[in-house]
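**Student:** Feature list, courtesy of Swiss-Prot:
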- 8-266: domain 'CN hydrolase' (DOMAIN)
- Glu47: active site, proton acceptor (ACT_SITE)
- Lys120: active site, proton donor (ACT_SITE)
- Cys157: active site, nucleophile (ACT_SITE)
Amino acid sequence: MAEKNRLVTVAALQFACTDDVSTNVATAERLVRAAHQKGANIILIQELFEGYYFCQAQKEEFFHRAKPYLGHPTIVRMQNLAKELGVVIPVSFFEEANNAHYNSVAIIDADGTDLGLYRKSHIPDGPGYQEKFYFNPGDTGFKVFQTKYAKIGVAICWDQWFPEAARAMALQGAEVLFYPTAIGSEPQDDGLDSRDHWRRVMQGHAGANVVPLVASNRIGKEIIETEHGNSEITFYGYSFIAGPTGELVAAAGDKEEAVLVAQFDLDKIKSKRHGWGVYRDRRPDLYKVLLTLDGSNPVK
């Protein structure tokens, strides 16, 4: 008798955030339930969904938004929800760890078990995205998590612009890549629109590694008061799911709330990945230059 292929249905959520934690967590739960109704097994919520994207401004008071990982109320609530519905939920949050702070995601398995933590590795610093003020560079390294439905890799927002991160997770056996995100307009340049670039970069990761990829981004205009006036970002959504050759399988627009779903045959994709040869023909002995900042070759 032929073995059944492993089918997994993934989902990306997209919604506008208020600056009220309870409202945002309730919205996330409502959309998780909607995704479950559509058959989703692994459901991605956007980055730092508990409130506004506070990193627009450097304000000491915003450190009060951070909470310790263990016993975090939103993680506990999502554990209960995951167990009730039998779904996997990566949960993004602002983590306080003694005197360190991280942009983190906890991976909740379908029985409510917390599988562990990933801390954002690449921390941006620019107008409107002043994350270095709040977050230490992550110390977990890129990881994969064996969930009930698939082995997954999860990284966060700015990580998605680095092909090394996607490849590191794929090399560890990630069968699907997930990127919770908060990205939109550039306060210093009204003419800069990165949405298409943003999507294409990750479609490239999917195609280069022959794995599906899920990206969840917020929508809506958020205004943060600063000492120099207001900072404003309009988040452009554009959440999407890409297939293992980089093709767009499901995509949202820039204004509407969305629940995107797509199903993948993991065994079929595994065969394609092995047959394509990109892992067979790798030359790690020639890649040492990737371990340098200036491109110098350390091999004499």
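Every residue gets a Cβ built from N, Cα and C, even glycine.
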**Student:** Cβ neighbours within 10 Å, counted over all protein chains: which one of the active-site residues Glu47, Lys120 has the most?
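**Tutor:** Ranked by Cβ atoms within 10 Å, first place goes to Lys120.
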**Student:** Would you mind reading off the Cα separation of Lys120 (active site, proton donor) from Cys157 (active site, nucleophile), to the nearest angstrom?
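**Tutor:** Cys157 (active site, nucleophile) has its Cα 8 Å from the Cα of Lys120 (active site, proton donor).
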**Student:** If I take the alpha carbons of Cys157 (active site, nucleophile) and the residue listed as 'active site, proton acceptor', what is the distance between them in whole Å?
**Tutor:** 7
**Student:** Around Cys157 (active site, nucleophile), how many other C-beta atoms are within 10 angstroms of its C-beta?
**Tutor:** 26
**Student:** Which whole-number mean pLDDT does the model give the domain 'CN hydrolase' (8-266)?
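**Tutor:** Mean pLDDT, the domain 'CN hydrolase' (8-266): 98.
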**Student:** Does DSSP give Glu47 (active site, proton acceptor) helix, strand or coil?
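**Tutor:** Reduced to three states, the DSSP call for Glu47 (active site, proton acceptor) is coil.
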